[in-house]
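Some notes on the structure that comes next.
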Amino acid sequence: MERLQIANLPTPIQKLDRLGEELGVNLYLKRDDFTGMEISGNKVRKLEFSVADALQQGCDTLITAGGIQSNHCRATAAVAAKLGLGCDLIIRGEIPNHFEGNLFMNKALGARVHLISPEESREEKMDEIVENLKSQGHKPYLIPVGASNAVGSLGYAAAIEEITEQENKLGIHYDTVVIAVGSGGTYAGLWYANQKQGAKRKIHGFAVDNSADTFVETITEILKEMYLNDGLAAPEEYKDILINDQYIGTGYAKSTHEELAFIMKTSREHGFLLDPVYTGKAFYGMVSEIQKGHFKDANNILFIHTGGILGWTHKQREMALKSI
Ligand SMILES: *Cc1c(COP(=O)(O)O)cnc(C)c1O
């Protein structure tokens with residue numbers, strides 16, 4: 001599979017000495033929030049493969065969809081602008097009063113933003129945009145939500161190779177990898193490459209929206225397609241897809257006071273900022289599970305910070321007013 005080189009890779013791995021000591025574990029942070037500025041976060045790793053595929057097919061316009069503060073839409077807009085491609089984003093949700101954070105960035109990066117209400121059909125809008133583009137002589141390429149299909153997920157299969165190289169260089173084996181799970185592609189890519197290496201690591205995903213059962217199903221579907229694309233025999237059973245759905249809180253992109261307070265405490269005491277939608281929930285979940293003694297057999301835990309800092313902007317007012 002073709003791959004573009006857009007992200008700043010390899011991303012650094014930092015040891016969280018003081019927090020690890022406090023929790024009685026060896027804890028490391030892989031800074032995938034450093035993959036870029038406009039394109040920062042985990043989506044750019046996936047887009048290196050999705051957009052390579054688009055170019056290979058001779059497409060000139062990227063179309064994708066997401067919520068109001070979608071990091072994926074913003075990263076797609078940035079990659080399109082960088083490569084001189086068109087970009088149409090279908091963004092669904094309550095239309096906000098201000099174009100903040102990712103929503104502003106989409107505009108700044110020149111994407112055509114199509115806002116639709118929660119009741120409107122994403123598919124109908126998509127068909128309409130595709131027809132329109134075709135009638136103007138363009139060739140659109142559809143990227144699914146989160147770029148979470150077998151092509152996009154290759155970005156995180158490649159991340160496992162990157163981690164392996166870093167392990168060899170540093171002489172450390174990260175036997176436990178932890179990430180947030182939103183549409184499943186990141187998890188699927190990590191699991192796939194890890195499985196190919198003989199399942200050396202445990203991969204723990206913390207769901208930020210759907211139930212664990214739903215995610216196991218979604219991830220399994222992506223994995224089946226990955227094996228198929230590689231011409232490899234798929235396993236009979238997809239074992240050890242470890243998803244914890246106990247830290248979703250009040251729902252997708254909604255934050256409890258406790259979650260926000262945790263994020264602020266972490267940044268204050270340890271000098272790095274988590275985002276409220278994904279990494280904040282996952283990191284909170286991981287720390288809580290460590291405190292409950294559930295990561296006892298882990299020698300070295302690697303939390304992948306998947307970015308999302310721009311999604312934070314729209315919460316600033318709420319945060320400031322709550323004086324957390
Ligand atoms: C999209 C996203 C995730 C989740 O990745 P999926 O592949 O959709 O599961 C995690 N963190 C951030 C910041 C994201 O934007």
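Yeah, the Cβs are placed from backbone N, Cα and C, and that goes for glycine too.
What TrEMBL says about a protein is an automatic prediction, not a curated fact.
The Cβ of S70 (active site, nucleophile) has L89, I91, N102 as same-chain neighbours under 8 Å, each 6 or more residues away in sequence. The active site, nucleophile annotation in TrEMBL covers S70.
Positions annotated as domain 'Tryptophan synthase beta chain-like PALP' by TrEMBL: 8-307.
Residues or ranges marked as N6-(pyridoxal phosphate)lysine in TrEMBL: K43. Sequence-distant contacts (6 or more apart, same chain, Cβ under 8 Å) of K43 (N6-(pyridoxal phosphate)lysine) comprise N71, H72, A75, T76, G146, A147, G307.
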